[in-house]
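Participant: Before I ask anything, let me first share the structure, which is written out below as structure tokens.
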Amino acid sequence: MSQWRRWNMGELPEEGDDGTTEAAATPRPPTRQELDDERRRARETGHREGHVQGHQKGYDEGYQKGLAQGLEQGLAEGRARAEQEIADALDKRCEEALAPLGRLVDEFRTALSELDDAVAEDLTDLALATGRQLADDALKARPRQVVELVQRLLHTDPPLVGRQRLWLHPLDLRLVERHLGEQLEAAGWTLRADERLHRGGCRVSGEQGDIDATWERRWQAVNRQVRRRAPRHTPEPEDHGVAHEDDAP
């Protein structure tokens, strides 16, 4: 008969919270296959994230480059369109100035076709002198015409880019400032006085260059149009002694 020994509670193996023993709860080291799989998954994850980041970076760079090119192209097209619209506006002003001269030129048309070039030139000069006097009188009677001219330049679509300097005769400057001062200030335009300018005209200078809307420039355009419209007398060929059949003896 074996010797009896008293049992103590501490002699049983300890169990974890889930009922497993301490030895059973110890994690086993990963196998080589598991390590290879983990590395493969890490590479795939890194590749995907790198692809996404690279795609986003390429998109951002392409967007910025396209934005810069589009802006440059838009500015160039805007300048060309503004210059064309200003030229059209000046042509319209020339047509308006020519309107009072149309009837006078038409009345001279028959006479001009029968006179030599010297007389035709004199009559054209007379018509232009008369027309200029009429235009001067109309401007004095209605000086607000310069306000309408500046307003068309100010509201050109697309607008002139950058800060612009508007040169006017001192009397016209006060008139424009009274009617368009707030609009010009909001657009960043600066008014400048130039006593050499004829009333009714102006000049605009800025980063894109100068716009000549002076009275002299517009009158030169009127002058050219009138002279182009005036007919020139073409003399008939002279008879230099060539015998005709009826003259034969």
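Note that Cβ sites are derived from N, Cα and C of the backbone, with glycine treated the same way.
The shown structure was predicted, so the numbers you read here are calculated from the model rather than taken from an experiment.
Below are the features I grabbed from TrEMBL:
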type: COMPBIAS; residues: 31-59; note: compositional bias 'Basic and acidic residues'
type: COMPBIAS; residues: 233-249; note: compositional bias 'Basic and acidic residues'
type: DOMAIN; residues: 96-221; note: domain 'Flagellar assembly protein FliH/Type III secretion system HrpE'
type: REGION; residues: 1-59; note: region 'Disordered'
type: REGION; residues: 225-249; note: region 'Disordered'
Participant: Using DSSP, what is the helix/strand/coil residue split across the compositional bias 'Basic and acidic residues' (31-59)?
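Facilitator: Its residues divide into 28 helix, 0 strand, 1 coil.
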Participant: Give, as a single whole number between 0 and 100, the mean pLDDT over the domain 'Flagellar assembly protein FliH/Type III secretion system HrpE' (96-221).
Facilitator: 76
